[in-house]
Amino acid sequence: INLIKRHLQTCINMEDHHCGDSLFPSSTLIPVTTICILLFIIGITGNTMTILIINRFKDMKTTTNLYLSSMAISDLVIFLSLPFDLYRLWKYVPWVFGELVCRLSHYINEGCTNATILHITVLSMERYLAICFPFKAKAAITKRRVKYVILALWGFALLSAAPVFFLMGVEYENETMPDPATRQCKHTRYAIESGLLHTTIWVSTAYFFCPMFCLLFLYGSIGRKLWKSRHELHGPNAAARQKVNRQTVKILAVVVLVFAICWLPYHIGRFLFTHVDDYHSARLSQNFNVASMVLFYLSASINPVLYNVMSNKYRTAVKRLFLLPHRTGIIGVTEMKNEIGTDSHYEWKQLVTVTVAGEMTHK
């Protein structure tokens, strides 16, 4: 961070359009750095609060929130790589942090990225079961099983990211006469020439598009189920349940939209970077990679913001965490129980009531 500060001051004082060893002009570097530092602060603070809230308050330890807590850990770890990415943005050469840090920073990013995508997909499958097959969900979804699933997701994510650790390294412009001033943290020549890099990028791209298609199917099915159930709701609480259903669809739509916006440019940028030959295309690829880097860290910081904006229960938990006064009473408790992330047993009871009412209506 101190190195970045010194480079920032140098750039501000320079009349040149470019800053030292950077590939980008100061008009790009300064705004991008400012945004990334803000995302760092928001991400570290928000994800830490999410972990504390879910682990401190018993009523927040639901099966859904266990996934969200694990995702918050993944997002926190991702931010460990931000200082190194900013350093490379400002000073492309030489890389001064050594071979191990070069490999680890990319491996951590890849592993946590895989973990986040897997968590979102499995969590969506759980919500699909809870809404479309409530009887099966009650028996299948337990906190104990969810904890084992989370461990398995992390193991698979880190294992599948292992090739990245060996495909990255410190390279020189001239390997026969290495000059320390030309050290770069990049894909190794062997990775490029052997085709392993190309294969790894295709696997990484599949990590995005396969879950994305899965999410579209799951949330489409959930949306249809909730839309049909609006005619099957009866009784004094029908209006309240319908309101909860609309809120559920809204939150799920936002989750899918944010997921697509933040990750699609990242994978397009990586694909372009490995398929460009001329200078102008390479320049476009570099600019695209900068934008995708910002969106990459945005995705790691935005979840707590979404929880705070869209969940009354989360906002109440934040106030409890900081011992701030918050509204209580029948209305407040009812709202808290009806939001996504409540206990699976309550969700099951509510969904079974809707399902049974619908079946009785059609008989």
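Positions of Cβ are set from backbone N, Cα and C atoms, glycine also.
Copied over from TrEMBL, here are the features:
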- 30-54: transmembrane segment (TRANSMEM)
- 46-307: domain 'G-protein coupled receptors family 1 profile' (DOMAIN)
- 146-168: transmembrane segment (TRANSMEM)
- 201-220: transmembrane segment (TRANSMEM)
- 251-268: transmembrane segment (TRANSMEM)
- 288-310: transmembrane segment (TRANSMEM)
Same-chain residues near the transmembrane segment (251-268), Cβ under 8 Å, at least 6 residues beyond its ends: 117, 120, 124, 127, 204-205, 208-209, 212, 215-216, 219, 222-223, 288, 291-293, 295-296, 298-299, 302, 306, 310-311, 340
Beyond the flanks of the transmembrane segment (30-54) by at least 6 residues, Cβ under 8 Å: 4, 8, 11-12, 24, 60-61, 65-66, 68-69, 72-73, 75-76, 78-79, 82, 85-86, 89-90, 290, 293-294, 297-298, 300-301, 303-305, 307-308, 314, 317-318, 321
